[in-house]
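Q: Here it is, the structure, as structure tokens.
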Amino acid sequence: MEIKLWFSLIVLSAITTSALGDFGGPLVGGFYKESCPLAEEIVKHNVEVAVLKDPRMAASLLRLQFHDCFVLGCDASVFLDTHGDMLSEKQATPNINSLRGFEVIDYIKYLLEEACPLTVSCSDILAMAARDSVFLRGGPWWEVLLGRRDSLTASFAGANQFIPAPNSSLESLIVNFKQQGLDFQDLIALSGAHTIGKARCLSFKQRIVQPNMEQTFYVDEFKRHSTFRRILRSQCKDSSRDNELSPLDVKTPAYFDNHYYINLLEGKGLLISDNVLVSEDHEGEIFKKVWEYAVDKDLFFLDFVESMLKMGSINVLTGIEGQVRENCRFVNI
């Protein structure tokens with residue numbers, strides 16, 4: 001066991017190092033080593049406190065990075081409040097009454113401004129917080145590549161257009177990820193983030209009211225997936241319960257592991273956009289990878305890290321582009 005863990009850490013280190021040349025661009029490891037040496041420790045400690053108070057916060061912070069990177073790029077545009085003619089991405093349909101964790105980032109930013117004024121960007125804080133959230137829930141650790149700067153604007157329209165919907169088809173998910181420079185391998189690996197967190201009934205209501213929404217790959221003699229749908233129906237039986245929450249991973253909701261993929265093979269993915277990875281994969285390539293992750297957690301962790309590094313470099317601002325915001329919610333005056 002110790003040898004296997006040691007090998008995994010060596011490979012993760014190799015992936016992180018190779019990322020600099022492959023898709024890291026101007027982002028580098030240890031970016032704040034001289035300018036703000038305690039930056040990563042400050043982020044880690046306060047994410048840990050936040051997750052201890054609210055375990056669901058780990059998934060919320062990870063989700064924040066997805067929703068940020070898929071719009072204008074990984075530039076902290078998701079944090080900007082509405083100001084003047086600029087509508088906040090927080091008000092977009094995929095985000096409103098759904099995204100959380102803003103106050104955690106606000107507090108970390110406050111502490112970093114006290115320690116190192118106008119040095120650590122909000123986009124880098126989010127990248128570090130997402131990594132620490134995964135690790136605190138039992139997932140892999142990786143060196144986050146840093147050096148991002150923050151955007152000067154947000155895109156309400158972009159948030160409505162580019163963030164995948166929970167009822168997306170497989171075809172639309174593939175197209176959506178391709179628009180971000182991500183391939184179907186990244187889609188499968190990053191979907192594994194749904195091994196932690198919860199979703200509102202409103203997000204998966206269509207999955208439980210429409211017939212034949214699930215597909216399994218074994219003889220379901222005990223009707224497990226039918227039972228699962230009945231449980232979901234009881235939780236979300238009318239519109240008054242639209243905001244009721246259910247775990248995305250019914251087996252190990254508090255741990256970052258590979259049970260998400262086991263759930264998919266059993267027809268127990270919560271969202272339609274989860275289940276389509278197996279139910280709409282007519283070529284079989286995606287199903288094959290889902291199966292590989294279901295039986296090999298270490299493989300999933302390795303690929304997840306690589307895809308997170310790749311996603312974290314989408315359209316980043318560096319150098320003199322953008323700015324380092326003093327307050328993540330507002331552009332500097």
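Even glycines carry a Cβ here, placed using N, Cα and C.
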Q: Looking at TrEMBL, which one of Cys36, Cys74 makes a disulfide with Cys69?
A: Cys74
Q: Choose one of Cys116, Cys122: the cysteine that TrEMBL connects to Cys36 by a disulfide bond.
A: Cys116
Q: Within 10 Å of Asp75 (Ca(2+) 1 binding site), Cα to Cα, which of the recorded positions Cys36, Arg63, Cys69, Cys116, Cys122, Cys236 are there?
A: Cys69, Cys122
Q: Take the Cβ of Cys122 (disulfide bond) and count every other Cβ within 10 Å, whichever protein chain it belongs to.
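A: By my count, 30.
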Q: If you measure C-alpha to C-alpha, which of Val71, Cys236, Asp249 (recorded positions) come within 10 angstroms of Cys328 (disulfide bond)?
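A: Among Val71, Cys236, Asp249, not one has a Cα sitting within 10 Å of that of Cys328 (disulfide bond).
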Q: Using the alpha carbons only, what distance in Å do you get between Asp249 (Ca(2+) 2 binding site) and Ser77 (Ca(2+) 1 binding site) once rounded?
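A: A Cα-Cα distance of 29 Å.
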Q: Compare the C-alpha of Asp257 (Ca(2+) 2 binding site) with the C-alpha of each of the recorded positions Val71, Glu89, Cys116, Pro164, Cys236, and give the closest one.
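A: Of the recorded positions Val71, Glu89, Cys116, Pro164, Cys236, Pro164 has its Cα closest to that of Asp257 (Ca(2+) 2 binding site).
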Q: What recorded positions among Cys36, Cys116, Cys122, Thr195, Cys201, Thr252 are found with a C-alpha within 10 angstroms of that of Asp68 (Ca(2+) 1 binding site)?
A: none
Q: Would you pick out, from the disulfide-bonded residues Cys36, Cys74, Cys116, Cys328, the residue whose Cβ has the largest number of other Cβ atoms within 10 Å?
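A: Buried the deepest by this measure is Cys74.
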